[in-house]
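According to TrEMBL, the protein carries these features:
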type	residues	note
ACT_SITE	Asp86	active site, nucleophile
BINDING	Tyr143	substrate binding site
DOMAIN	211-289	domain 'Pseudouridine synthase I TruA alpha/beta'
Amino acid sequence: MALARGRFRGLRFAGSAVLAVLGVPSCALQRWKMQVAYDGSSFYGWQHQESRRSVHGVLLAALTASHPQHSASRQRPKLVGCSRTDRGVHAEAQVAHCDLLPLEPSALLQRVNRRLPGDVRVLALEPVSNTFHARKSALRKCYRYDLLQTEATPFQARFVWSVGDLDVPLMAQAAQYLSEELDCRCLTVRWRASCRPGVDVYDEDYYGPIRKRLAIHVSEGELVSIHVESDAFLYRMVRVLVTALVAIGRRALDPAEMKEGRREAAMQEVKGRLRLAPPNGLFLQNIVY
């Protein structure tokens, strides 16, 4: 035991158990909830990927290095995000949780942000009950997609899709047809991405019921924002919806095609012949608990 104390000087004890490499009892760990904002332009999405820059990887490295005990033991905590945003997608309020040894919240927040690059920031960090789960405790997720009806400046281009003139009232009409409980299978570009690994079975544990109630609102102006809210989203689901609404705004598709009974065939046509809305206009805006 003396050897362990010498090698990891400054480590604390939780009861009679030695922390760090000798293992930490779960009762000694504090669950932390954090709200994270990021510019997704230079990331391969939220989810950790070997040899590729991910938000999860960058944040986990900063958390580990910021906590004295976890840094000394070189044992990274488990970090769980609410939403696995795709490559190039941004977040104004992603929520994640991780289990760390207790530390003063403001000190931990400052340490983490000092170690993060400029395109990621932890906005808030607080200790919560160990029953809280960033994904499973979420009730609703809110995404926003920004469309620009003019040419984008170099400062706007990372965060909008410049699409030209749109008939926004037609888009709003179609959004009303989609704002109901519907089967979301036609709203994903790759069905197997929403299935359990290795099998063609829908992953209901992660994505929830296949029938979801959507709430979609389209704001009017030079900058058109499409707000989409649901309990969970399938792979690239919001971008498929935006692709269809832009086609309607360009009068290439009738809003009535979004009605029940006609929607599935229309979505297959949209996905088959139209360019998918790019990721840079999409933001994870808010998560409701």
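Glycine is treated like the rest: Cβ placed from N, Cα and C.
The two recorded residues, Tyr143 (substrate binding site) and Asp86 (active site, nucleophile), show a Cα separation of 13 Å. If you count neighbouring Cβ atoms within 10 Å for each of the recorded positions Asp86, Tyr143, the highest count belongs to Tyr143.
Computed over the domain 'Pseudouridine synthase I TruA alpha/beta' (211-289), the whole-number mean pLDDT of the model equals 95. Counting residues of the domain 'Pseudouridine synthase I TruA alpha/beta' (211-289) by DSSP class, helix then strand then coil, yields 31 helix, 22 strand, 26 coil.
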